[in-house]
Amino acid sequence: MAVSLACQAPRTPMAIPPSYADLGKSARDIFNKGYGFGLVKLDVKTKSASGVEFTTSGSSNTDTGKVNGSLETKYKWAEYGLTFTEKWNTDNTLGTEIAIEDQIAKGLKLTFDTTFSPNTGKKSGKIKSAYKRECLNLGCDVDFDFAGPAIHGSAVFGYEGWLAGYQMTFDSAKSKLTRNNFSVGYKTGDFQLHTNVNDGSEFGGSIYQKVSDNLETAVNLAWTAGSNSTRFGIAAKYKLDSTASISAKVNNSSLVGVGYTQTLRPGVKLTLSALIDGKSINAGGHKLGLGLELEA
């Protein structure tokens, strides 16, 4: 109740905070997007005249030679807030997802997710719920298992740029919490700070800053209780023009990653990347990546 009153006090509407999984996402994107080390990857997105979206993805691991692929079809029935999704991958796993949003209550999304593997006969089911409004973002998922369901819950509160979140998982088969995470952060238009504690033993933090319209930077830091090793990394992304950008990152293990993304034409994007081991430049072991995205 106190949260609701606090949200009504300002004259201007407060922003909806991100979900717990999206806390610190801007910094993670600078570290992860624009790279594809050790992979040759092709992504194709198309949309039919009837509104059905098709997404096909295929990748080959240059080290192992293993090829993975997936196909996803999605249809949105906007009038009723419904989304139907069918998935398949090369592990021969079939998935079906039905989501309904903003129909039962504004800001509430319910998702029914099932998977089935014909090869093994393994089945899984999950019910997901998410509710968001000014200052508040809640989530609760129930993952069904023969041994007993697992309940995943999360909550994020936001006020004047400050964010506080909690995430938990309760395993009913073991009758105990198997995940217990806390997070605190601060977010403005061009600056974000995020810190988290996972299970009381893993600590992490990240900083994201948009220095200019063309330059974005990020820093991350992580360590584990009882260990003297600290993981540290810095990354940056620079837009050369409206069609091209370069990315670079380095961590305390002397691993240097570089990436180049070029939009060749509308709907065609090429990504080149390389990972260099700074400790053994002459010994080899470096990785290259090639990605092509097609959208029509």
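Every residue gets a Cβ built from N, Cα and C, even glycine.
Owing to the predicted nature of the structure, the values given are computational and were not obtained by experimental measurement.
Annotated NAD(+) binding site per Swiss-Prot: Leu255, Val256, Gly257, Ser273, Ala274, Leu275, Ile276, Asp277, in sequence order. Taking a C-beta cut-off of under 8 angstroms and a sequence separation of 6 or more, Val256 (NAD(+) binding site) has the following same-chain neighbours: Ala248, Lys249, Val250, Leu275, Ile276, Gly278.
Long-range Cβ neighbours of Lys25 (ubiquitin cross-link) (same chain, at least 6 residues apart, Cβ-Cβ under 8 Å): Pro18. The ubiquitin cross-link annotation in Swiss-Prot covers Lys25 (among others).
According to Swiss-Prot, the feature ubiquitin cross-link maps to Lys33 (among others), an assignment based on similarity to another entry. Same-chain residues at least 6 positions away in sequence with a Cβ under 8 Å from that of Lys33 (ubiquitin cross-link) are, in sequence order, Lys237, Ser247.
Cβ neighbour count for Lys66 (ubiquitin cross-link) (all protein chains, 10 Å cutoff from its Cβ): 10. Residues annotated as ubiquitin cross-link in Swiss-Prot, with similarity to another entry given as evidence: Lys66 (among others).
In the three-state DSSP classification, Lys74 (ubiquitin cross-link) falls within a strand. Within its own chain, Lys74 (ubiquitin cross-link) has Val52, Glu53, Thr55, Thr83, Phe84, Thr85, Glu86 as residues 6 or more apart in sequence whose C-beta sits under 8 angstroms from its own. For Lys74 (among others), the entry in Swiss-Prot reads ubiquitin cross-link.
Annotation comment: Swiss-Prot describes Lys122 (among others) as ubiquitin cross-link, evidence class similarity to another entry. Annotation for Lys122 (ubiquitin cross-link): spatial neighbours Phe116, criterion Cβ-Cβ under 8 Å with sequence separation of six or more.
Sequence-distant neighbours of Lys123 (ubiquitin cross-link) (same chain, 6+ apart, CB under 8 A from its CB) are Thr114, Thr115, Phe116, Ser117. Annotated ubiquitin cross-link per Swiss-Prot: Lys123 (among others), in sequence order, evidence recorded as similarity to another entry.
For Lys174 (ubiquitin cross-link), applying a Cβ distance below 8 Å and a minimum sequence separation of six or more within one chain yields no residues. DSSP gives Lys174 (ubiquitin cross-link) a coil state; it is part of no helix or strand. Look at Swiss-Prot and you will find Lys174 (among others) tagged as ubiquitin cross-link, backed by similarity to another entry.
All protein chains considered, the CB of Lys279 (ubiquitin cross-link) has 10 other CB atoms within 10 Å. Residues or ranges marked as ubiquitin cross-link in Swiss-Prot: Lys279 (among others).
Within 10 Å of the C-beta atom of Lys287 (ubiquitin cross-link) sit 18 other C-beta atoms, taking all shown protein chains into account. DSSP assigns Lys287 (ubiquitin cross-link) to a strand. The ubiquitin cross-link feature in Swiss-Prot is assigned to Lys287 (among others).
As annotated by Swiss-Prot, N6-acetyllysine applies to Lys33 (among others).
Among the features that Swiss-Prot reports, N6-acetyllysine is placed at Lys122 (among others), with the record citing similarity to another entry.
According to its DSSP assignment, Lys279 (ubiquitin cross-link) is helical. Annotated N6-acetyllysine per Swiss-Prot: Lys279 (among others), in sequence order, evidence recorded as similarity to another entry.
According to Swiss-Prot, the transmembrane segment annotation covers 52-60 (among others), on the basis of similarity to another entry.
The transmembrane segment annotation in Swiss-Prot covers 82-89 (among others).
Through the fold, the transmembrane segment (93-102) approaches residues 80-87, 108-118 of its own chain, all at least 6 residues removed from its boundaries and within a Cβ separation under 8 Å. Sequence annotations record features per position, and here Swiss-Prot assigns transmembrane segment to 93-102 (among others) based on similarity to another entry.
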Legend entry - Mapped DSSP class for Lys25 (ubiquitin cross-link), helix or strand or coil: helix
Legend entry - Residues near Ser273 (NAD(+) binding site) in space but at least six apart in sequence (CB under 8 A): Gly34, Tyr35, Gly36, Phe37, Ser247, Gly257, Val258, Gly259, Tyr260, Leu288, Gly289, Leu290, Gly291
Legend entry - Subset of recorded sites (Lys66, Lys279, Lys287) lying within 10 A of Leu255 (NAD(+) binding site), CA to CA, in sequence order: Lys279
Inset, instruction - Determine, to the nearest whole angstrom, how far the Cα atom of Lys66 (ubiquitin cross-link) is from the Cα atom of Lys287 (ubiquitin cross-link). - result: 16
Inset, instruction - Name, in the order they occur in the sequence, the residues of the same chain whose CB lies under 8 A from the CB of Ala274 (NAD(+) binding site) and which sit 6 or more residues away. - result: Phe37, Gly257, Val258, Gly259, His286, Lys287, Leu288, Gly289
